[in-house]
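The structure appears right after this line, and notes come after that.
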Amino acid sequence: MDKATIQAHKISDEEYEEILKILGREPNLLELGIFSAMWSEHCSYKSSKKYLNGFPTKAPWVIQGPGENAGVIDVGDGVAAVFKMESHNHPSFIEPFQGAATGVGGILRDVFTMGARVVANMNSLRFGEIRGESELAKKHRYLLKGSVAGIGHYGNCMGIPTIGGETTFDPSFNGNILINAFALGLCKSDEIFYGKAEGVGNPVIYVGSKTGRDGLGGAVMASDSFNDENKSLRPTVQVGDPFAEKLLMEACLELFKKDYIIGIQDMGAAGLTSSSFEMAGRSGSGMKMYLDRVPMREVGMTPYELMLSESQERMLICAKKGFEQKVLEIFRKWDLDAEIIGEVTSSGVMQLYWHDELAGEIPIGPLSEAAPVLDRPVARPKYLDEIANLEIPNNIDNKTAFFKLLKEPEVLNKSFIYDQYDANIQTNTIKQPGCLGAATIRIKESGRAIAMAAQCDPRANFVDPKIGAARAVAAAGRKVAMSGAVPLAITDCLNYGNPQNPEVMWQFKEGCEGIKEACRELNTPVVSGNVSLYNDTDGISVYPTPAIVTVGVNEDANLNLKSTFSSEGRAIYLLGETSGEFAASLYAKALFNVVGGKLKEVDYKAERALWELVIEANKEQILEFANSVGVGGLAITLAKMASISNIGVNCEVKFKEPNFIFDESFSRAVVGVKDEAKFEALATKFGVKFEKIGVSGGKRFKLNEIDESLEDVREIYLNEFAKIVKKED
């Protein structure tokens with residue numbers, strides 16, 4: 001094998017030596033391509049696996065933790081919630097519409113392949129600078145519009161509501177955008193399907209769309225940095241067909257009602273290669289596959305292309321022997337391709353045939369369960385010492401600061417985005433995009449509700465990767481708790497830069513430690529997740545962005561707690577300690593272009609007490625609303641609530657310094673109280689600091705010296721974002 005071919009497959013010299021040992025010979029091109037895909041960062045997690053070990057993954061309500069297509073938790077009454085978050089960062093930067101659309105398609109397959117009907121989508125999106133007339137801003141407006149259109153197109157065509165998410169902007173994402181997709185489905189807790197292939201002689205069946213050349217090398221592309229040489233990689237981006245996926249989902253759900261199969265796996269990154277090796281690897285089995293039987297969309301396709309294509313809307317099934325025709329009939333009824341392409345063996349080896357000739361033979365273990373794990377060098381970044389001392393002037397009046405922060409893209413209402421998503425299809429949505437807080441759906445059969453919230457502050461993770469990651473877990477959980485639901489588990493999408501940079505690996509290591517700590521302390525285990533590395537361009541990495549989605553359950557869907565005002569004259573209370581924390585704050589960034597300071601550790605006792613107080617007060621029906629205090633502090637939190645509800649506020653709060661209305665002290669919330677005496681007694685019992693700061697009502701936004709027309713505040717908050725994004729329209 002010539003060196004140029006090996007290098008083109010991103011195989012290091014050490015890895016090639018290991019391949020020679022495994023095979024006992026030189027690999028052919030097909031085998032090299034398979035090793036390249038399965039040992040890519042995207043498939044093998046070779047740089048991250050060391051630090052993922054030790055994540056809390058167990059609890060009485062956890063049915064399936066990491067290692068399968070998606071995580072599964074018990075949500076009561078014999079119902080299970082199946083959910084996961086995935087990234088499609090690199091493809092979306094190259095071709096935003098198809099990249100984002102197929103990201104949605106992939107996460108949907110991960111969920112419904114477990115036997116669940118998907119009932120909710122969410123997303124977590126990061127873009128660079130979108131304001132102004134620079135070519136960079138124009139590019140990111142294009143990326144934003146394309147990605148959002150792709151997400152909406154796929155979800156809407158599938159008939160699945162997109163009910164929430166988060167979108168933020170920072171120059172650190174100028175060279176790499178982050179597109180993270182989340183899906184949640186429901187099924188019976190005793191009817192879950194797994195990605196395994198076992199039982200010698202059991203047939204292996206290919207179902208779904210035909211295989212083409214789209215997406216070739218996608219897994220390897222997603223495991224590399226961007227530079228001037230590889231920015232035009234459109235052929236590596238898959239092309240999605242949501243209508244084909246809708247048929248595939250319905251066919252799979254029909255199949256799951258029968259006892260015909262052993263296991264089923266989505267063909268995601270690395271296509272037929274990853275699905276076959278993962279299914280056999282989990283079971284310790286071997287497999288024979290006859291690649292000339294694979295349904296092909298293009299003529300002249302080779303075994304190499306068939307194994308590595310990432311054509312969408314495809315699944316691999318291990319059926320029970322004797323039931324293969326029943327399986328084929330179901331998929332053909334739905335007008336999908338379905339062919340028997342192989343069988344399970346006991347050899348522990350993958351044997352690939354092309355017109356009855358052996359084209360490739362590889363042991364399965366070293367490419368699946370026993371894939372290499374790297375111990376990359378780590379080094380604490382030098383920049384941390386440079387940014388540790390945050391000094392910001394106190395020379396800007398609060399009115400000026402208020403409007404400056406209100407106009408920041410990450411603050412502004414994102415109706416331009418979520419209006420492209422159908423949030424109400426399936427008629428289960430209780431709380432949808434634009435309402436603040438956790439998104440919520442009802443489980444009609446049980447009367448319960450599932451709340452879910454996405455959260456991550458990249459600036460906080462840049463300033464302190466461990467505390468920042470812990471805060472993401474806590475903040476996502478708090479949003480769920482503020483809806484009245486009990487947070488139960490998380491899924492994560494860990495977006496970091498180039499792992500070959502020791503400082504990036506240190507950020508990743510610290511981020512994992514923060515997640516472990518927070519999940520243990522808050523009793524929200526990790527049940528699924530994804531790692532996306534190489535989010536860097538020309539040596540510049542994105543801010544560490546460990547996106548978290550927390551899922552929780554409210555025993556009574558009728559007690560879902562709102563996040564905004566719904567009446568006038570309601571007492572408003574601020575819960576938690578305000579200590580003047582401006583580290584990594586929007587105030588420091590927007591007004592002084594400074595990102596730095598020292599984050600305070602998460603006070604888990606205070607965080608848990610806040611959750612428990614609001615959940616209990618909601619059960620006693622003494623709250624009208626509850627909302628987490630987040631970016632921009634109390635002032636921006638109240639401005640959002642007033643704008644959405646079209647109800648003013650009149651608040652006066654005694655802080656040490658006037659600008660503390662913008663501070664981002666952690667573990668705080670704003671609540672509307674119906675019975676003040678009862679609530680204050682309850683808050684005292686739980687040990688949560690409280691202060692009555694005002695009332696809702698009127699058409700003014702009043703907070704200390706800020707006294708503005710609510711109409712003016714609403715005009716900015718509700719309409720400014722669309723004006724920014726639509727500049728070229």
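Every residue gets a Cβ built from N, Cα and C, even glycine.
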Checklist line | Residue in Arg109, Arg293, Arg332 which Swiss-Prot records at the substrate site where Ser87, His88, Asn89, His90, Gln238, Glu310, Ser311, Gln312, Ser532 also bind | finding: Arg109
Note to self: Quick check on the annotation: Swiss-Prot has Tyr45, Lys84, Asp492 binding ATP, so which of Gly115, Gly128, Gly447, Gly529 does it put in that site too?
What the structure shows: Gly529
Checklist line | Among Tyr45, Lys84, Asp492, Gly529, the record's ATP binders - longest CA distance, Å | finding: 17
Notebook entry, point to check: Out of Arg109, Glu310, Gln312, Asn530, which of these binding-site residues is nearest Lys84 (ATP binding site) by C-alpha distance?
Noted result: Asn530
Check: Counting only other Cβ atoms and using a 10 Å cut-off, which of the binding-site residues Ser87, Asn89, Gln312, Asn530 scores lowest?
Finding: Asn530
Check: Just checking, which of Glu86, Asp110, Asp492 (binding-site residues) has the fewest C-beta atoms within 10 Å of its C-beta?
Finding: Glu86
Next item on the list: Kindly assign His88 (active site, proton acceptor) to one of the three DSSP-derived states: helix, strand or coil.
Entry: coil
Notebook entry, point to check: Of all the recorded positions given, His42, Lys84, His88, Arg109, which residue's CB has the most CB neighbours within 10 A?
Noted result: His88
Notebook entry, point to check: Out of Tyr45, Ser87, Glu310, the binding-site residues in the record, which is closest to Asp110 (Mg(2+) 2 binding site) when you go by Cα distance?
Noted result: Ser87
Checklist line | Distance, His42 (active site) to Gly529 (ATP binding site) (CA atoms, angstrom) | finding: 12
